[in-house]
Amino acid sequence: MAIERTLSIIKPDAVAKNVIGQIYARFEAAGLKVVAAKMAHLSKGEAEAFYAVHKERPFFKDLVSFMISGPVMIQALEGEGAILKNRDLMGATDPKKAAAGTIRADFADSIDANAVHGSDAVETAQAEIAFFFPGMNIYSR
């Protein structure tokens, strides 16, 4: 497998539960390295721009409202097969369908408040990382 980078967001519900460290421990145990990170409280404009791909979907307004409801922890992860590895760690979008031991099964409350976001492909990972970490704010280790 190739070394990849992926974007991960720990959403407001998980930040409020104070489980950032537990989620980071799972990244590291899976061989993923945090190569950039920041905490932010997204503006409505930032959330709308980031999730623009979903603009015509019925859940868009609720998604934006949720993502601006509190601070988020945003990180770029790096490692072999990072995109799929992170998606496996996250579990299914709906925590009721997520496998036991996944981040969403353990920390998410609902399909809306589902604890984490992760890039779904190489192209989206590149765009999402560039959105939050433009330029030289990423440090391979």
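Using N, Cα and C of the backbone, Cβ positions are placed for all residues, glycine too.
These come from Swiss-Prot:
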BINDING   Lys11, Phe59, Arg87, Thr93, Arg104, Asn114  ATP binding site
ACT_SITE  His117  active site, pros-phosphohistidine intermediate
Original post:
Do you see any of the binding-site residues Lys11, Phe59, Arg87, Thr93 whose C-alpha is within 10 Å of the residue listed as 'active site, pros-phosphohistidine intermediate', and which ones?
Top reply: Lys11, Arg87, Thr93
Subject >> Where the record names Lys11, Phe59, Arg87, Thr93, Arg104, Asn114 as binding ATP, the maximum Cα to Cα distance in Å >> reply: 21
**OP:** Could you say whether, by DSSP, Phe59 (ATP binding site) belongs to a helix, a strand or a coil region?
**Re:** coil
Original post:
Under a three-state reduction of DSSP output, how is the residue listed as 'active site, pros-phosphohistidine intermediate' classified: helix, strand, or coil?
Top reply: strand
Original post:
When you measure from the Cβ of Phe59 (ATP binding site), which residues in the chain that are at least 6 apart have a Cβ under 8 Å away?
Top reply: Asp112
**OP:** Mind giving me a neighbour count for Lys11 (ATP binding site)? Other Cβ atoms within 10 Å of its Cβ, every protein chain shown.
**Re:** 22
